[in-house]
């Protein structure tokens, strides 16, 4: 399963360009991993979430919490998919979505989902570069009274994000690291 995911990422999500891409972190890179090409395609998302639930959690020592959540939009489909995989085992593991900004109407909540049912959460992201988006989600979860126990992401770009997140007290367990994709040309 993991090898198939790696091949799908290389085929569908990875892009190289002489003209650098601007990443969410603001950094520039000729290497771009658009994991939404995995998470927004049903059969690819299903394979990803099945791998996370059936293999990655146990192999990484990730505790099974009450919820999986992260910053919209990278985490959204992954959290929903993981929740549905657990439903196949007759377990309710809730998806939580963290907004980037609170709305100026309604409840003004940053964290959406069954927050009242949840005390602990595994934080989720698709790609981590500097860790800024993940840290924003962790802080919003904590402000909502949720303990973030650990984290999972599809790809660690190996640019300092894991250390920044660990400094927040959360250990991340990436499925892949950029180095897993071979000797990509240096920046």
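Numbers run from 1 along the shown chain.
Every residue, even glycine, has its Cβ placed from backbone N, Cα and C.
Per Swiss-Prot, the feature 5-phospho-alpha-D-ribose 1-diphosphate binding site maps to 99, 100, 103, 105, 125, 126, 127, 128, 129, 130, 131, 132, 133; the stated evidence is sequence analysis. As annotated by Swiss-Prot, orotate binding site applies to 129, 157.
The structure, with features from Swiss-Prot marked on it.
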residue	record	Cβ within 10 Å
99	5-phospho-alpha-D-ribose 1-diphosphate binding site	15
103	5-phospho-alpha-D-ribose 1-diphosphate binding site	11
125	5-phospho-alpha-D-ribose 1-diphosphate binding site	25
127	5-phospho-alpha-D-ribose 1-diphosphate binding site	25
129	5-phospho-alpha-D-ribose 1-diphosphate binding site	23
131	5-phospho-alpha-D-ribose 1-diphosphate binding site	26
133	5-phospho-alpha-D-ribose 1-diphosphate binding site	23
157	orotate binding site	23
Check: Given residue 133 (5-phospho-alpha-D-ribose 1-diphosphate binding site) and residue 157 (orotate binding site), what distance in Å do their CA atoms have, once rounded to a whole number?
Finding: 14
